[in-house]
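Participant: Sharing a structure with you now.
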Amino acid sequence: MSSVSAAGATPPASPGCIAGIGMDLLRIERIERALARHGDRFAQKILGPKELAKFQARRRRDPARGVRFLATRFAAKEAFSKAIGLGMRMPMSWRRVQTLNAPGGRPVLVIGAELADWFDARFGAAHVSITDESDMAAAYVIVERKPAPDGRP
């Protein structure tokens, strides 16, 4: 698991309390069908700019790998929306949170400016874990409670 603040910097380790947990599990075939039905518009609706560039590069090299990438990012966004308690309603939207990779490869959540103020006012760090295997993709997100001004969780 990894954590990133809304600004994209990895926060220091803290004894934060859990504010929310989200999980999503989906069949990769569901994403394949959506791409077949809606084409690139589907990926453009779901992915942020950096995710979209990575998706397109992976799909060019290996179409199946591109679909798995899109499925894990879809699952991460669903899991994040559940962890923060909003679902897919404002200020949360598909493109306002991206799952990118830290230099070592671990997945990190990067929250866009449109959502960052809302998130930072309520929460501390967000942690994400994603996986795909065979015909399934899954993501778990844990959101920490915002620490008290005196530093206590």
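Any Cβ shown, glycine's included, is placed from N, Cα and C.
Copying in the features that Swiss-Prot gives for the protein in this structure:
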- D24, E78: Mg(2+) binding site (BINDING)
Participant: Take the Cβ of D24 (Mg(2+) binding site) and count every other Cβ within 10 Å, whichever protein chain it belongs to.
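Facilitator: Summing over all protein chains shown, D24 (Mg(2+) binding site) has 21 other Cβ atoms within 10 Å.
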Participant: What is the total of other Cβ atoms whose distance to the Cβ of E78 (Mg(2+) binding site) is within 10 Å?
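Facilitator: Excluding its own Cβ, E78 (Mg(2+) binding site) sees 20 Cβ atoms within 10 Å.
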Participant: When DSSP is mapped onto helix/strand/coil, what comes out for E78 (Mg(2+) binding site)?
Facilitator: helix
